[in-house]
Amino acid sequence: MCEAKDVDAEETVERSVDLDYVLVNELGQFGRFQIKYILCLIALPIMSSGFFGDYVFTATAIPHRCRIPECGESTKSDVYGPDWITNAIPLTDAGPKFASCERYAPAHSGYNGSLLHCPIDLFDHSITQKCDEFVYDGVTSVVYDFDLACKEWLRTLAGTLSSLGTLLVLPLVGYISDHFGRRMALLFSVFNTALIGVFKAFSLNYTMFLALQLLQTTLGAGLASSAYIFSTELVGPKYRVLTSATSSATFSCWEVVLGVVAWLVRPWRSLLMTLYIPVFLLLSYYWILSESVRWLLAKKKYAEARQVLENVAKTNKTNISAKSMNDLLNPPTRKLKVLFLTLTWPFIPPELTVLRLVVYLAGKFGISLVFTSLYLYTSELYPTEFRHSLLGFSSMVGRIGSICAPLTPLLTDYWLGLPNTVLGLMSGLLVLTQPETFGRKLPDTLEEAETIGK
């Protein structure tokens with residue numbers, strides 16, 4: 001019995017010498033090495049991933065109206081609001097002072113006005129008709145260059161295709177990351193983001209612009225998840241929450257920077273080049289960024305793993321013992337929780353406006369915390385050898401929720417609070433079925449992942 005206990009204890013000690021154990025007890029959980037990689041190097045790709053929202057500015061709506069050839073107008077850059085405009089275009093109750101997509105029918109076929117004088121009797125105010133051509137109040141968007149006035153569905157298609165690309169990219173970049181390395185997945189995303197982003201600035205027509213918009217996110221939008229996986233695998237258990245929150249905050253802050261750049265650089269072609277040309281500099285990570293040591297160990301690339309571990313010890317001014325090094329490089333042979341994580345991915349009367357607003361903002365705050373925590377929690381449940389693929393799969397299924405979200409308001413026909421109740425109740429109950437991961441080591445194999453919570 002005693003001998004059996006000693007054997008069990010010995011096996012427990014052997015199993016406890018893993019990367020998390022070494023980070024906590026020898027190398028350091030958040031030393032100079034981790035700060036260098038997370039706060040400096042990994043932050044830049046996460047920042048760059050915020051640029052995928054460029055369509056908010058490049059395809060922004062521009063005020064427009066019908067072009068009136070009877071008044072001498074011949075180009076889409078004619079004066080947007082001449083003095084005579086209400087003679088030719090009806091006023092509207094909401095939005096701009098005059099209609100965007102219709103005009104009064106001409107009253108005479110052989111008599112025209114001029115840009116300076118276009119009298120009201122040239123038009124029949126009892127009849128309106130759709131515009132054939134347009135004049136725009138601005139030139140900074142694809143709407144002007146590709147004449148998208150009164151084609152709102154076509155203009156907003158850029159955002160839809162961008163979201164579709166973020167769904168398609170996740171399994172692709174996850175496969176690359178888990179099979180060829182975290183660094184390769186990051187460089188793959190960086191290269192496609194920069195190259196296609198610059199190509200997009202030279203779009204010859206809107207079809208080309210939309211195709212490149214979809215292609216860019218399909219091949220490059222794995223930038224954030226690649227960087228996130230990289231940073232999560234570098235730190236010890238105590239600092240994973242801090243790392244996750246820092247990554248999310250970095251992304252949010254850089255979206256503010258995107259807005260500032262778009263305010264300073266108005267023409268959409270110049271904006272795209274300003275955003276994406278500097279991203280090429282991140283290709284230098286091939287030489288300055290070490291591969292994830294956790295991935296190297298999982299893939300049995302022990303020679304490279306040894307070099308990284310020695311570099312961590314040197315940078316953090318710590319030591320890794322020979323025994324720990326030997327245990328990491330000679331692990332014992334070992335022979336998911338996916339469905340819930342893919343899904344994770346009000347009752348107040350309408351007249352209580354202030355209370356409804358307070359509750360709404362509280363809910364917004366709560367869901368922001370959930371979104372920040374979800375990436376970390378998912379990473380802690382999935383094993384190293386499949387972590388990025390499964391994270392990508394979970395996020396991909398979550399994108400289906402984004403696609404369905406515009407349809408959920410239809411449920412309010414039955415009850416105003418039904419959409420939030422259904423989604424919130426399902427997610428809340430399913431959370432209770434999952435194990436606690438706080439302070440636990442990151443699983444490296446499927447076997448270790450299955451033992452979480454047991």
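Here the Cβ of each residue, glycine as well, is placed from N, Cα and C on the backbone.
TrEMBL entries are annotated by machine, without manual review.
Per TrEMBL, domain 'Major facilitator superfamily (MFS) profile' is recorded for 110-454. Positions annotated as transmembrane segment by TrEMBL: 35-57, 157-177, 183-202, 209-230, 242-264, 271-289, 357-377, 414-432.
Per-residue confidence over the domain 'Major facilitator superfamily (MFS) profile' (110-454) averages out at a pLDDT of 82. Here the listed stretches are 35-57, 157-177, 242-264, and the one with the most C-beta pairs under 8 angstroms to the transmembrane segment (209-230) is 157-177. Using a cut-off of 8 Å between Cβ atoms, the transmembrane segment (271-289) and the transmembrane segment (157-177) share fewer than three residue pairs, counting only pairs 6 or more apart in sequence. Panel annotation: around the transmembrane segment (35-57), residues 141, 158-159, 162, 166, 186, 189-190, 193, 197, 213, 216-217, 220-221, 223-224, 226-228, 230-231, 234-235, 243, 246-247, 250-251, 253-255, 257-258, 262, 268, 271-272, 275-276, 279, 282, 285, 288-290, 315 of the same chain, lying at least six beyond its termini, place a Cβ under 8 Å from a Cβ of the stretch.
Remote same-chain partners of the transmembrane segment (242-264), defined as residues 6 or more beyond its termini with a Cβ less than 8 Å from a stretch Cβ, comprise 30, 38-39, 42-43, 46-51, 53-54, 56-57, 224, 227-228, 231-232, 234-235, 271, 274-275, 371-373, 375-376.
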